[in-house]
Amino acid sequence: MARLFGTDGVRGVANADLTAELALALASAAVEEVADRGTPPPGPVDGVPVARSAHGIDHRPLVVVGRDTRPSGEFLEAAVVAGLARAGADVTRIGVVPTPAVSYVVAATGADLGVMLSASHNPMPDNGIKLFAAGGLKLPDDVEDAIERRMAGPAARRPVAAAVGRVRDDSMLVDGYVDHLLATLPGGPGGLRGLRVVVDCAQGAASDLAPRVLRAAGADVIALHADGDGLRINDRSGATHLDSLRDAVVAHGADAGIAHDGDADRCLAVDSAGEIVDGDQILALCALALAERGELERGTVVVTVMSNLGFHHAMRDAGIDVVTTPVGDRYVLEAMRSGAYSLGGEQSGHVVFLRHAGTGDGLLTALQILGRMAETSQPLHELAKAMTRLPQVLVNVRGVDRARAETSDELRAAVADAEAELAGAGRVLLRPSGTEPLVRVMVEAPTDELARDVAGRLADVVQRALR
């Protein structure tokens, strides 16, 4: 049986793969596993006080639940809440919020578990369930595996009478998240006065909060795709479709553009000329800023195997060490925690500032980018020169057996030939997706033409060898 949890929770087409029955069963199993473990939380995110003990023999588990704007989120939330309450957990619903808001509220309230209903950047028919442990960190793999075993085992004895969980709504808890974000801004609240910013909310979870936070920080804000229309979430908008943001930044004469995905755990940017500033460039400029302030713990940044070689060269030249992990912000976070590092992230725009958040936070990242612009009086295109990108081509090969990607002799030989052709001046990476049925072919080379040529040939081999 395939593992239920992927690299970022459970995902699938809502009401087909991800059903109400599955959501209910998963929620109950998660509460039972967390309650039985009774493990103390790793502590709150720095600066986030724990307001409630999460432990004790007679303790009733507390769970925080949020969702994005997808229509399917409504019935899935109902199923999740039912599963939590029938297992004896008290539930606090905080409404439509970014994923990192759930992480923050879990830490701030001392909750035992957090549940976010979102499929992030995936299209509208999909949805997902992300789980956060006490302290606001994502559940480790071994806990997810234990939850799956519970789901496959005999039903647990259910509480009755006064022992069943209670449910309440408290969207006001999100105000604390907003205050927390503003407190991280270099220069303090109001520090973005004089900056005009276009923010693309992808019709997702940030549709209300992103413009609100930026305005509270003093920016002149033009909100794009911010109606909260879940039927159009991520539809030609947000962090995976930057064309409309690029056009809007130029049309409005804005200093910068900010793009979030459906659950706002990622952030990409656009400079005043409409040029894209990706996650690697954001990490580079933030690393230099933190190093300058003496806040880059152990002089190290954590990235994934997808980060551009140009990033590694820039950090080397700046005297900053780089730790590399598999793809997935959970693995970045694990490396950051184990090494006591303060900054890490992915090229896709997941950036983790561990002094302020327990997960990637798009709104927090936007404030750090814009705050650096205000702090230095430099335009974004100048700050983005913190690194020079090597041409990189990414090809998604669909309709193949991704499970065989690491065992195919034909594919292994093709990769070896490509690496020999690049002769150390570039690199090749083949990676089965952890969230979608495809294999990604990534090639970096001294020229765009060579990168495209090598990537195209490798993609053909993947299609032939793995079909």
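Here the Cβ of each residue, glycine as well, is placed from N, Cα and C on the backbone.
From a predicted model like this one, the values you see are computed outputs, not experimental measurements.
According to Swiss-Prot, the residue from S120, S171, S377 that belongs to the Mg(2+) site alongside D261, D263, D265 is S120. The Cβ centroid of S120, D261, D263, D265 marks the Mg(2+) site; residues of that chain outside this set whose Cβ lies within 8 Å of it are D68, P98, T99, S118, H121, G204, A205, H260, G262, A264, R266, G362, given in sequence order. Long-range Cβ proximity for D261 (Mg(2+) binding site), meaning a same-chain Cβ under 8 A and a gap of 6 or more residues, is found for S120, H121, A202, G204, N234, G238, A239, T240, G349, G362. Less than 8 angstroms from the CB of D265 (Mg(2+) binding site) sit P98, T99, P100, S120, D329, H350, T359, G360, D361, G362, each of them six or more residues away in the same chain. Of all the recorded positions listed (S120, D263), S120 has the fewest other CB atoms within 10 A of its CB.
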